[in-house]
Amino acid sequence: MLMRASVSITNLGSAAIKLILGGERKFRFLSSWNLALSTSHSSSEDEVLIPEESPICLDNQELQKSLEYVPSECVEWSSKSAFSFSENVNDIYHVGIQEDSSLVSENPQTAKVENELKRMEVILWSRGWNLGSPDNYVRIQLDQYNVVRVLTDLYDDSRDAALALYFFEWCEGYLGINHGIKSICVMIHILVSGNMNYRAIDLILYLVRKNGGEDRWINLLLQVLLETYTSRKVLETVYSMLIDCYVRGNMANVALKLAYQMKHVKLFPSIGVCNSLLRALLHMDQMELAWGFLEEIQSQGMGLNVSIINLFIHKYCVKGDLESAWKLLVMMQQHGISPDIVVYTTLIDSLCKMTLVKEAISLLFKLSLMGISIDSVSVSSVINGLCQVGELEKAFNILQIFSLPPNVYVYNSFISKFCDDNNMAAASSTFNKMSELGLFPDCFIYTTIMSGYCKIREVNMAFIFLAKMLKRGIEPSVTTYTTFIEYYCRSGELQLAENLFQRMTGEGLPPDIVAYNILLDGYGKEGHLHKAFGLLDNMKSAGVSPDNVTYNTVIHSLTLRGFVSEAKQLLNELTRRGFSPDIVTFTSIASGYAKKGNFEEAFLVWHYMSEQSVKPDIIMCSALLNGYCMAHRMEEANALYNKMINAGLVPDLVLYNMLIHGFCSLGNIDDACNLVESMVKQGISPNDGTHRALTLGYEKKMIQYPVEAAAFKLQEILLK
């Protein structure tokens, strides 16, 4: 069937060349405009018009009508090459042209445009399109039906997807046509057929982002893609790309539904897309759905491979379920699948993170005996694990045994441990060795060193390393700023902390929840509650959601200043809003009541905590015991102590000294000494605090030489 109206595409193109090369037309679909012709455009966000009714069947004539979106505007091209919009509302576009040789340029870009347009003209003539006379003012009708026909003819004749894509974008960019779903789907098939998958993905992503995961829309899209395909291989690729785009759009459940729907046309996603979908499901903690999809993959004859199984092993390791991870590893071997170093490294890293370093080392040596090539990642994981538990000598030995070339990750493990131990001389020396070996520290390592110096209150040294980092052109991170903010908050220099906080935001670094919580804690400890609540409002306005640490900090700040009732009211309100209090929350409020001597309310908090299935810990018991000791209610303190022991809680040195001091303040040396004996039996050595407490007790008993008496008693107990 020939097109009723006629036009010379070449002449129309000549008149439009300057607009194409110099205009700022925006294109909706492609994320980067880089077609056969080198032009520069950007994508806009106009909507694709989708028919209201989903298709019933492939050959339904009404379906075809509903899929052919017909624009309502008229675009006219005058003999003076003016681009104007008509107010007439018609069912088709009318484009009038007349040759204007004055627009022809010698620009090579222009020549490319003309050549492409001439190619189109030749192809369309050969495919039976009546293009009319170039000397007359004529009209062209381009509804969606004819756009689809032209796209198909251009590609079928030239096998050049870029040429068809040029026409597709030209229709939209310079004729103002809003492509309907059918023309977009045809274009997608052409792009995949022409090995331009990256352009097809742009179009698919556009459809996914614009219309979401509604069932009605998905069914329509699948139907139209099925209706417009020319090759089952291409259709399978397009469907796989569609599923992958939904995975990218964080709609894994929709992607899973699409994967199962593909079975209706006897197709299935590629193994790469299956991997992506499984990874997304596991990330969402949808283990059951992931296992079900894995079974479906097997039923399709695709079988299992190392990369798929490793996804599940990694998930189990993240959850701390090493037993299930190991069983899965054994199952792999039973099915004839040999685990690679990536699988084993996942297990080694998890063992180290759970401080099971001995087991990690054993596995590492076993791999070496099995002939599996050990990589730097697995060795580095073990070294980092050893550093975390303070086994630096063993870490150095592992480094030498496996002849691992030093890398930034390994050095950071040693530096982090030295900083944790306040051994900044060793940390600084290790840092300098990195530079000598040609290894360049990153922002993370610099920040680790700075944090170490701030921890031992040598902030000037921290600033020296900051200067070194800036000199190397490394920009500070949010963590870098937070390190100094925390130092100034702990030092009570809130103005400097505020200045750094504002400087960070001014540099375009949005504070994270850690930065907010640290400044919030600083305000609370200094009693600036109005600033604390103001910062809380700012945090919410910035889109940073408060976490348990945030609310616990606010509650602790209130109790610290004696506003215990207000803290309890805040807790009740937060609980109604869905906040789940933890042991830290309950400890703050119970401690506040205990300090005020209101033990009835303190134990109401204790009982409420038990109802919430939150078990008391040694810190909470210490807070309550401290309240009893301050109130000289040692009988009740002793009862709580025994209750704590029966519950399986193990007292620490601080708690023992607190109770010993409490008994001694009343002159009760016998009970105090009994506690010292219990402490020694548990392997806890008395310290100066213990001696001072006993000295106070002997003073209360009016002993002539209380200091010597306390020392003698401690020696007697230790020698038993």
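Here the Cβ of each residue, glycine as well, is placed from N, Cα and C on the backbone.
Where the annotation comes from TrEMBL, it is an automatic prediction and has not been curated.
Over in TrEMBL, the protein carries these features:
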REPEAT    305-339  repeat 'PPR'
REPEAT    340-374  repeat 'PPR'
REPEAT    407-441  repeat 'PPR'
REPEAT    442-476  repeat 'PPR'
REPEAT    477-511  repeat 'PPR'
REPEAT    512-546  repeat 'PPR'
REPEAT    547-581  repeat 'PPR'
REPEAT    582-616  repeat 'PPR'
REPEAT    617-651  repeat 'PPR'
REPEAT    652-686  repeat 'PPR'
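Long-range contacts of the repeat 'PPR' (442-476) within its own chain (CB-CB distance under 8 A, at least 6 residues past either end) are made by residues 408, 411-412, 415-416, 418-420, 422, 424, 427-428, 431, 434, 483-484, 486-487, 491, 507, 509. Long-range Cβ contacts of the repeat 'PPR' (582-616) within its own chain (Cβ-Cβ under 8 Å, at least 6 residues beyond either end) map to 548, 551-552, 555-556, 558-560, 562, 564, 567-568, 571, 623-624, 626-628, 630-631, 633, 636, 644, 647, 649. Over the repeat 'PPR' (442-476) the predicted model carries a mean pLDDT of 94.
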